[in-house]
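Asks: Next up is a structure, given as structure tokens.
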Amino acid sequence: MKPIILQGHERSLNQIVFNSEGDLLFSASKDSVVNAWYTSNGERLGTYGGIKGGDGHNGSVWTVAVDSQTRFLLTGGADNAMKLWEVKTGECLYTWEFLTAVKRVAWNEDDDMFLSITEQRSGQPSVIRIFSINREDPRSQSTTPITEMRLSGSRATVAIWAPLSDYIITGHESGKIAKYDVKTGEEVQAVEDEHSALISDIQLSPDGTYFITASKDKTARLWDIETLEVMKVYTTETPVNSAVITPDRPYIILGGGQDAMNVTTTSQRAGKFESRFFHKLFEEEVGRVKGHFGPINTLSVHPQGRAYASGAEDGFVRVHWFEESYFRSRPFGDLEPEPEV
């Protein structure tokens, strides 16, 4: 499984996402730009921002999200701004300004709403906002959210939309997982006794019935989206920064590693800078893919399950296209059903 290595960032990666077709990958970095890449050959298609005095971000870009039509791109940064871009032209269509950094953005499944999370800082609370999008005239957007959730407890770090867009699921600094009503902004459910440290990533399953969380407590957990019950736990020896659920195959991929400041040697093994594959049902590790020279900060899986990508502290993105053997593998033999190829 030889990777395609994407070299286009000068600093560490914060978030990478495939588009719905899987032919493009978008990467957000601490170097203030977002890049778009062809996943088939690693060619850079374009850059959003990065021009001095232009309308890009001024500082780290923490988060990126692309709509299901690959028409619009949302980004959020350390400059307290959220930006709407046209994918095709690279043009910034609109900018929202906040009082603190934008740590996460996400589209709902109908592409008619999106959420943003702003940081708790300088006396400002962590705020989750739900906006509607004007797709007809994208340069004319409302600065007023439909719903605003000002959090009094632990700050939110990540969030996803539940199917039908009635609820959002949030992960928090304390390890709490919560469900919020999109219309009322009320917290309708919360679990505070599963993860014991910051939630670094949250990603939905392909069918929308469950989701996975990654945490600094060195575990990833699989949750039922209706009940918020933990179904499976995947345990490692280092903080988990990102976790994905592979479509069609029974695997979970985890990325993380010892924080850069705590690594005393450049050995990949010492820092555990590998993508780690776990069996979804049996919770056992079944394989590793090495290559990065720093902790993996972000993972994304191809929507059809044909590849996955990792972005790391070393500034590189690696796209791994799975070989035929991956789709036929049965690490637990007769305990598993025959793969559908």
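Each residue's number is its place along the chain shown, starting with 1.
Keep in mind that glycine also has a Cβ here, set from the backbone N, Cα and C atoms.
If you look up Swiss-Prot, you'll see 8-47 marked as repeat 'WD 1'. The repeat 'WD 2' annotation in Swiss-Prot covers 56-95. Per Swiss-Prot, repeat 'WD 3' is recorded for 151-190. The repeat 'WD 4' feature in Swiss-Prot is assigned to 194-233. Summarising the annotation, Swiss-Prot assigns repeat 'WD 5' to 235-274. Positions annotated as repeat 'WD 6' by Swiss-Prot: 291-331.
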Asks: Hey, which of 8-47, 56-95, 291-331 has the most Cβ-Cβ pairs under 8 Å against the repeat 'WD 4' (194-233)?
Replies: 291-331
Asks: How many helix, strand and coil residues does the repeat 'WD 1' (8-47) contain under DSSP?
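Replies: Summed by class, the stretch gives 0 helix, 21 strand, 19 coil.
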Asks: Take the repeat 'WD 2' (56-95) and count its residues per DSSP category (helix H/G/I, strand E/B, coil), listing them in that order.
Replies: 0 helix, 22 strand, 18 coil
Asks: With a Cβ cut-off under 8 Å, give me the same-chain residues at least six positions beyond the ends of the repeat 'WD 1' (8-47) that come close to it.
Replies: 56-66, 68-70, 73, 75, 77, 85, 87, 90, 294, 297-304, 306-307, 309-317, 319
Asks: Can you give me the average pLDDT across the repeat 'WD 6' (291-331), rounded to a whole number?
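Replies: Mean pLDDT, the repeat 'WD 6' (291-331): 95.
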